[in-house]
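Taking it in order: structure first as structure tokens, then the write-up.
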Amino acid sequence: MPLISAIEVENTKSHVRERITSAKAWELPKQPTTFAPEGTWTNIDNDVTPVQRRIWGHWALLGYWMSDILSTQSWEGASTIISGGLTYREALLCLIMGTVIIAIPISFNGSIGAKLRVPYPVASRASFGFVFSRVPVIIRMVTALFWHAIQTYAGSTAMTQVIRAIWPSYLNIPNHLPESAGITTQQMVSHLIFWTVQLPFLLTPPHKLRWFFVFKAGVVTTAAVGTVIGMCKLAGGTGDIWNQKPHYTGSTRSWMILSYMTSLSGGWATMATNIPDYTRYLRKPRGIWLQAVTVPVICTFIGVLGIITTSASNVLYGQYIWDPVEVASHWDGPGGRAAAFFVGLAWVVAQIGVNVSANVISFANDLTSLCPRYINIRRGAVIATIIGGWVMVPWKIVYSATSLINFMGALSIFLSPIAAILIADFWVIKNQAIDVPALYRPHSRYHYVGGCNWRAGVAMLVSLGPNLPGLVNAVNPSIDIGGAIKVYDFNYLWGFSSAFVVYIVSSLVFPAPDTLVPVTIHDDGDLYVGEAVMEEEGAVIPEKQV
């Protein structure tokens, strides 16, 4: 009997080892696909969005954007500009103009997902080619991981306020970690708790998260407005930030405004690129243009609340505090701790929401398109949160960065040409007419030359070139790049406009006629135009779902 048991144990160990190390064991069950050819591995997360998942309406889209924008980073955005030497009027100008600018590509690229019903990695194949499209997908994946790391650590600081409001002694936990770790034991515990609480939300399919986006919008808005009212009441007013005199004048002031405005636009460059990942779930494409208004309005709203609270904090605590979680850390006593608990909990919900809506699902969609045999959205989400939440050591990213503004600007130089090329190709070159089945076939009309659309490559190079010296300077300010810094001051505007123009010109001078179709093809048998369906025989019938 002992010998048999030992053999059984060894067989079990071998089976477990094989399950872990064998690539075959990690394969997903092969699923039927709408358009991919036989032998091509795909899954439902990468396929055209089925009718039963197109359940988002106008309110769901509004809730999504409130979920995405209502974060500690959005709260601090305008206040950070004031700390840089501009007045509140100039900060609001930067905020409004920056978000209006970025709302344009968000709306136009969002329409691609709403009309074609495909995720960003698939939509990009029409512009970049079946193979070359992996480059913008990987760029977006990297940025999603960085943002997930930063947002997750921000959520852990909010979790600290929730716990210390109940047990004040939590802040006195002895530290057993070395200084080189860059984090204390107490902070690590908060990070682990937040990461664990966040995980179930990251594993929920995107089309089922409408309720959470609306819930977050209500909770965070209530907490944010309550914070402002409470701080102003305690301070006896809104403080003196409104009376600050300009620190800069003339051309220096103008360049600073342009730089901050561009940085705020760049902060949303990720969403301007991969917004089709979410708009594919809309019931009707017309609702997409709501974003052009909601994005600037919500960003300005949360920015104004941040400015008022920051101003009041100087009256109460003798310093301008930009971080809403840090503001709550000053609230003591039974009433103060109760307020800190609810505000901290609201920002915990906020950071979970922004990670779901902007980072993890985006990464998972991208990874699914690259490895559909092994990765679906749920597995991709797990990989994203392990890498972003732990492997990348997010607390070191936060504390070693020179500033959040520089980080946002650095990312936007890679993302702006991608967004521009997608818009130029879909709206100008292809006139909104895409062969959707061909997007899933490696050697279809969107194969271009060797799977690459060289026109997109040229546009990206022209866009990136002048911005690279500025990127070097942002990473290492001691490197003098002379006048090249002026281009970097409006890096998103340059990156977007130059790529947009170069792509259109190169596509018109060197056309790719095989990639053009007269109307959008949603099915191998149907040709769709606007909201009507034209059968190949020419009859027009009401739109039908596919």
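All positions are counted from 1 along the displayed chain.
Note that Cβ sites are derived from N, Cα and C of the backbone, with glycine treated the same way.
As recorded in TrEMBL:
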TRANSMEM  91-108  transmembrane segment
TRANSMEM  128-150  transmembrane segment
TRANSMEM  211-236  transmembrane segment
TRANSMEM  256-275  transmembrane segment
TRANSMEM  287-308  transmembrane segment
TRANSMEM  339-361  transmembrane segment
TRANSMEM  381-398  transmembrane segment
TRANSMEM  404-429  transmembrane segment
TRANSMEM  492-510  transmembrane segment
Q | the transmembrane segment (211-236) versus listed stretches 91-108, 256-275, 287-308, 339-361, 381-398: most Cβ pairs under 8 Å | A | 339-361
Q) Ranking 91-108, 256-275, 287-308, 381-398, 492-510 by Cβ pairs under 8 Å to the transmembrane segment (339-361), which is first? A) 381-398
Q: Counting only CB pairs under 8 A, let me know which of 256-275, 381-398, 492-510 has the most with the transmembrane segment (128-150).
A: 381-398
Q: Return the stretch with the most CB pairs under 8 A relative to the transmembrane segment (256-275), choosing among 91-108, 287-308, 492-510.
A: 91-108
Q | Sequence-remote partners of the transmembrane segment (91-108) [C-beta within less than 8 Å, at least six residues beyond its ends] | A | 77-79, 81-82, 257, 260-265, 268-269, 271-272, 275, 288-289, 291-293, 295-296, 299-300, 303-304, 307, 419-420, 423, 426-427, 492-493, 496
Q: For the transmembrane segment (492-510), could you work out the same-chain residues 6 or more beyond its ends whose Cβ comes under 8 Å from its Cβ atoms?
A: 101-102, 105, 262, 265-266, 269, 409, 412-413, 416-421, 423-425, 428-429, 455-456, 458-460, 462-464, 466-467
